[in-house]
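Chemist: So TrEMBL lists these for the protein:
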ACT_SITE  His115  active site, pros-phosphohistidine intermediate
BINDING   Lys9, Phe57, Arg85, Thr91, Arg102, Asn112  ATP binding site
DOMAIN    1-137  domain 'Nucleoside diphosphate kinase-like'
Amino acid sequence: MERTFVMIKPDGFRRGLVGEILARFEKKGFRLVGLKLLKISQDLAEKHYAEHRDKPFFPGLVAFITSGPVVAMVLEGPNAIAEVRKMMGATHPKDALPGTIRGDYATTIDENVIHGSATPEDAQREIALFFRPEELL
Ligand code: RTP
Ligand code: MG
């Protein structure tokens, strides 16, 4: 069993895709371990995307991710990290295959609907950033 951190980004929330996306993960068979609606602070955004601090797109990324409510969740299942990334599709929607979340619902890299942890270390770090232990059931 593995846990991963997943976030529906502000564009996904704004466009009313929360139900569609949750349904995909539930139907796949992942267990929902934590779930919350929140508006990300500047500080949390900078911590979450710390690996990209020196990239040219960092200021825009932080501005976007703090621009409106997001839905944060923890999913559990066999190979959850890689499986969720597979269901999300490639980072750039032009490379994301139809049938994936980004392939079906996104057109630009700046607003690509969903985030999922990339590695077990990232998952552990991101889960701890967004959830207190008692919020994981
Ligand atoms: P995420 O962290 O959001 O799940 O996306 P990811 O792992 O697929 O991609 P990552 O390399 O971690 O990039 C994080 C987010 O930054 C934006 N980005 N923009 N303009 C660009 O070249 C560029 N590269 C990345 C994307 O919105 C990406 O989701
Ligand atoms: Mg990433």
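Any Cβ shown, glycine's included, is placed from N, Cα and C.
Burial and contacts for the listed features, if you can.
Modeler: Neighbour count (other Cβ atoms within 10 Å of the Cβ, all protein chains): 21 for His115 (active site, pros-phosphohistidine intermediate).
All chains included, 22 other C-beta atoms sit within 10 angstroms of the C-beta of Lys9 (ATP binding site). In three-state terms derived from DSSP, Lys9 (ATP binding site) belongs to neither a helical nor a strand segment and is classed as coil.
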Chemist: State, in Å as a whole number, the widest CA to CA span among the ATP-binding residues Lys9, Phe57, Arg85, Thr91, Arg102, Asn112 given in the record.
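Modeler: Among the residues the record ties to ATP, max Cα distance equals 21 Å.
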Chemist: Around His115 (active site, pros-phosphohistidine intermediate), which of the listed binding-site residues (Phe57, Arg85, Thr91) come within 10 Å, judging by Cα atoms?
Modeler: Arg85, Thr91
